[in-house]
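Asks: Sharing a structure below in structure tokens format, with a few things to ask.
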Amino acid sequence: MRIATWNINSVRLRLDNVLRWLKESTPDLVCLQELKCQTDQFPKQAFEDAGYNCAVHGQKAWNGVAILSRFPIEDTHTNLPGDSQDEQSRYIEALVSTKDGVLRVASLYLPNGNPVAEKYPYKLAWMDRLIQHARERLLLEEPFILAGDYNVIPSAEDVHNPAGWVEDALFKIETRQKFNELLNLGFTEALRATTDQAGLYSFWDYQAGAWQRNLGLRIDHLLLSPQAANRLSGARIDKYVRAWEKPSDHVPVLADLEIEAR
DNA sequence: ATGGCCAACCCCGTTGGA
């Protein structure tokens, strides 16, 4: 079973890219972020024609998350508990049934948090809500994958110029501490479980020739519950799609688990 | 990491992204 996360920065504009990548990388589950469309504008038919069921939580203009699944989707939840006033579409969770039993997967789009003076409190509060929710989900002892755009650079090896990022909401010490708090509940970060190589990035800014100069960040992650981590067999980043025409500024991050696909 | 971008919306300049 192959699972991926990808911030696609507009699903409608990126549809051809995503369909091409689905054919080439053959994931069974895909967590998408930054759909930038309402739920009823999501190109559901195109993904169904490609063999995927869809769980979608859209929003006008910004945010929006979805899960594509080759497995039947048994149940979905949108919104992260803990703030009934929060109207941003940044979380969707689905329970899917595989040949080996149920698997729980979440697609999340964690707030960026910049500028810090204005938006950082929302980011930290959102992370606290995520930690609380994840803690409850782990009690179920299911294979559970928390995948998405975390807007968190976990360590200095994950950014081209760490010194320049220490005050940024993606790399501030409080951000990394909260990410570690989440990991320490018992999650395994899929890519880091397979390699300690520095300079593996999942995002390159459109500005300032960041892609051409390889000035990237690793901010998209797959967190695995113990029941999922026990079956991890590999992880990788599909960096090559960043060189395609009309690319997203993020690329897919993937993990392979020894779970029967169907 | 800010000289250089990109997307949605309708206001075709403004807002948001990272």
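Just so it is clear, glycine is given a Cβ too, placed from its N, Cα and C backbone atoms.
What TrEMBL says about a protein is an automatic prediction, not a curated fact.
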Asks: A:Glu34, A:Asp149, A:Asn151, A:Asp249, A:His250 show up in TrEMBL as binding Mg(2+); which entry in A:Asn7, A:Asn53, A:Asn230 does that record put in the same site?
Replies: A:Asn7
Asks: Determine which residues of this chain, when A:Asn7, A:Glu34, A:Asp149, A:Asn151, A:Asp249, A:His250 are set aside, have a Cβ within 8 Å of the centroid of the Mg(2+) site's Cβ atoms, and list them as they appear in the sequence.
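Replies: Other same-chain residues near the Mg(2+) site: A:Asn9, A:Gln33, A:Tyr109, A:Phe203, A:Ile219, A:Asp220, A:Ser248.
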Asks: Between the recorded positions A:Asp149, A:Asp220, A:Asp249, where is the Cβ count within 10 Å the lowest?
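Replies: Output over recorded positions A:Asp149, A:Asp220, A:Asp249: least Cβ neighbours within 10 Å is A:Asp249.
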Asks: Can you give the mean pLDDT for the domain 'Endonuclease/exonuclease/phosphatase' (A:4-250), rounded to a whole number?
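Replies: Summing pLDDT over the domain 'Endonuclease/exonuclease/phosphatase' (A:4-250) and dividing by its length gives 97.
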Asks: Counting across all protein chains present, how many other Cβ atoms fall within 10 Å of the Cβ of A:Asn151 (Mg(2+) binding site)?
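Replies: Excluding its own Cβ, A:Asn151 (Mg(2+) binding site) sees 25 Cβ atoms within 10 Å.
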Asks: Roughly how many Å lie between the Cα atoms of A:Asn151 (Mg(2+) binding site) and A:Asp220 (site 'Important for catalytic activity'), rounded to a whole value?
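Replies: Between the Cα atoms of A:Asn151 (Mg(2+) binding site) and A:Asp220 (site 'Important for catalytic activity'), the distance comes to 7 Å.
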Asks: Can you count the other CB atoms that lie within 10 A of the CB of A:Tyr109 (active site)?
Replies: 26
